[in-house]
Amino acid sequence: MGGGFYISKFVGVVGIVFGAGAVATVIALAVVYSQEVAKNEAVSPTNGGSTIKPPVTTPGGSTVKPQITTPVIPTTAPSNEPWDKYRLPDTLKPDHYNLTLWPRLTVNAQDLYIFTGKSYVVFQCVKETDLILIHSNKLNYTKWGDDHLAKLSALGSTPAPTIKKSWLQPTTQFLVLELNGKLAVGESYQLDTVFVGELADDLGGFYRSVYTEEGEEKVVATTQMQPTDARKAFPCFDEPAMKAIFHITLLHPPMTVALSNGMEHGQVWRTSFDKTKKMSTYLLAFIVSDYDYINSTNDNVLIRIYARKKAIADGQGEYALSKTGPILKFFEKYYNATYPLPKSDQIALPDFNAGAMENWGLITYRETALLYDPKMSSNSNKERIATIIAHELAHMWFGNLVTLRWWNDLWLNEGFASYVEYLGANEAEPDWNIKDLIVLGDVHRVFAVDALASSHPLSSREEDIQKPEQISELFDAISYSKVRSSVFSAVNSTGTSLPTGQTVHSIMNRWVLQMGFPVVTINTTTGLINQQHFLLDPSTAGSVPPSDFKYEWIVPIRWMKTGVVQQQTWLEDKTAHKPDMIVTGNNWILANLNVSGYYRVNYDNTNWERLLGVLSSHHESIPVINRAQLVDDAFNLARAKYINTTLALRTTKYLRSEREYMPWESALDNLDFFYLMFDRSEIYGIMQTYLKYQIEPLFKHFGNITGNWTEMLKYLYILYPIRIHPNLRTTVYCSAIAAGGAAEWEFGWDQFKAATIAIEADKLRSALACTKQPWLLNKYLEYTLDANKIRKQDATSTIVYIASNVVGQSLAWDFMRDRWNYIFTQYGGGSFSFSNLINGVTKRFSTEFELKQLKQFQADNSEVGFGSGTLAVSQSIERTTANIKWVAENKDSVQTWFTTEVPKE
């Protein structure tokens, strides 16, 4: 198919397994890099030969009014025609594009923002064909003299066949050209087009972002191509394997800045860019803005941070600039390959659907993911910025230089970057111990999804991932966090001999090609251990799709006996006998040391009691990561009925003596499920009392080390005139809004609208959902679908914030059901946010009535669809069913336990 290098799935997995030394990956990348350099240097820009270019509008010149093309409406009958399939045929291979675009930053006579463009693509015929399919979506074309939508020319000696018929196929998003003859194998051709599109505010393709600075409304023309929206900007072979070189030119108003993947060579209104490396369409970016920047040079690489002028003037780009160089240098060493571009631009956008996007040489971010203000940003904001920058820079090699052929293996691209982001951030901030947070941030997160019968394997069959919404659905916790967890496991096992007769291939296939993970149960009385597919609701086992591996894994087990680390062993079959794991007396076994494997661990009841004893008497004997793991495993094993819920609750009793962050966070994450299930019942009050009792020593501990908080207060008053530390603002804002009424809410709303720092605005936006007044929450819900009040990028997360409020949960659910058709239409089936929206609004569901409503919602909108949230609907139904059973079986025992454990006054 397309040119360029693609790493095979097996080679990629090998590279991941030996990620600590990055042996296979380094070798592959080093070879690839030299190959890519050679290929890219061999291709030079063309001037199109003698091809006559169609007229295009230029600033100050006459405007050619495009003839609006009328798409051919596809028939409803099934078709086996190539244009009714979603994948490109393997007949053509693009070599390079020449693209000129002119975004209009003011509305036209029809009150629309538009862009006009002209492009040509030079491609080679690799299989004889009389059909050209090229992706196009929401573009209107100027017809040529022969009344067709494009012009075809031959670049060799063989004349090009004439075009027989041309039309747009909207369902599969193709521009279709039927020819009167065959294209010759090995010959190169040029396809020219002139087109116009809307510079909409839909956050996809070539779109507009609007912000206000010093009272003036300003427009940014920007892009988000991944996964399938380059076709909204210009006609292209929009699949990752179809790599090509791009020559970009942007026309733009004077006093604006134009950026793209290559280094710019600007004039007053026309900026051209160096040709790109050979790359995929989804990595393209072009932006026109009124931005300013700061810059530095690191080992001959120009690093620039672009943002709104005020943000740059206020120093909000300084942190990102200071960390980009060290992270790039770390990855050069890690990959054993130099950064392949002369520049690294990073830009903060007011409107951006994802957190960030790894466009090669021009990385785009939400403002909250790039800009840092020490007076307004919390420690968690800073941590997020460092890890996201590291994630995107990691892609400059793994994903951009080396690209996977099709989206079904997205997990390898995103999962590897998701792992090494921790390594890059650790290099930038070595004092944070950020690598430990993989367990909380990813292992526990993905366990929750992968324990459902409606989960999916890491790698899907290529034929199962065809439509844009199916591709977008892959951008989930499985693709990002499961790989990150598996790599973390593999790195911790590096240096260990593989089981006899096993290979990396045979081991990894079981983790990649089947969904889920095992629970390993160890009987310390008999030494018997076994594995079973872990399902949060065991009754759903019958609905799990079949697996060639019968849901068995080859499991690496690192373990300790009574505080002494033992030699790693493997569980290769469903059951095994491990005599070394037999213990008596006060001895105890702890498996999955430092969460080095992607599985949960259960024990016989006697060993559980020993571990609880160790936690209560000398918890430091157990590594801090495993203290967090014991809590998380216990609560989830209880939900799956492996152990009693009261045993899980007992793992929290020792926390009165715990001072480390990870075990506390693990406990609070799991108790949050109890809050969701019981915050509408009488149990809520006694849970609050118990937690207050447990946290009191921790509060006093930090009081002691801060001089009874006086040092903290002194710090607040001296450095922060507004006297609220950034780390406390989210909590303080929420508490104030919750305790207040309409006046306090309106004050918060005014502060939100006046905020000039995105991170501060985000804190206020979240806090506004904390009100206890239903009518205010209903008003806020209405605001979410008004882009003048809540940015489109923030609409779904704001609805989820409201749903997280016990008062707002039913309001948000009714709102989402009532407005689903509008929401889906406005954001499109490919939006990444639908999954989070559906899961977020339904996470509290635990009654038969709510389950009935959820199923009705699924049925009522079957024709409208759920886009990237399709799987989330099924998962929500499964989760609600499990919640109903859990509450019925555990409510009484939970209430009794908390009542017993709350100290009597």
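Cβ coordinates come from backbone N, Cα and C, glycine included.
Small disclaimer: the values here were computed from a predicted structure and weren't measured.
So that you can see what the record holds, here are the features copied from TrEMBL:
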{"type": "ACT_SITE", "residues": "GLU392", "note": "active site, proton acceptor"}
{"type": "BINDING", "residues": "HIS391, HIS395, GLU414", "note": "Zn(2+) binding site"}
{"type": "COMPBIAS", "residues": "59-76", "note": "compositional bias 'Polar residues'"}
{"type": "DOMAIN", "residues": "517-626", "note": "domain 'T-box'"}
{"type": "REGION", "residues": "42-76", "note": "region 'Disordered'"}
{"type": "SITE", "residues": "TYR480", "note": "site 'Transition state stabilizer'"}
{"type": "TRANSMEM", "residues": "12-33", "note": "transmembrane segment"}
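If you measure from the Cα atom of HIS395 (Zn(2+) binding site) to that of TYR480 (site 'Transition state stabilizer'), you get 13 Å. A gap of 5 Å separates the Cα atoms of TYR480 (site 'Transition state stabilizer') and GLU414 (Zn(2+) binding site).
Mapped onto DSSP classes, the domain 'T-box' (517-626) shows 32 helix, 32 strand, 46 coil.
Other C-beta atoms found within 10 angstroms of the C-beta of HIS391 (Zn(2+) binding site) number 25, with every protein chain shown included.
Of the chain residues outside the Zn(2+) site list HIS391, HIS395, GLU414, GLU358, GLU392, ALA394, PHE398, GLY399, ASN413, PHE416, ALA417, SER418, GLU421 have their Cβ within 8 Å of the site's Cβ mean position. A count of other CB atoms within 10 A of each Cβ picks out GLU392 as the most crowded of the recorded positions GLU392, HIS395.
In this structure the alpha carbons, written CA, of GLU414 (Zn(2+) binding site) and GLU392 (active site, proton acceptor) are 10 Å apart. GLU414 (Zn(2+) binding site): 25 other CB atoms within 10 A of its CB, across all protein chains.
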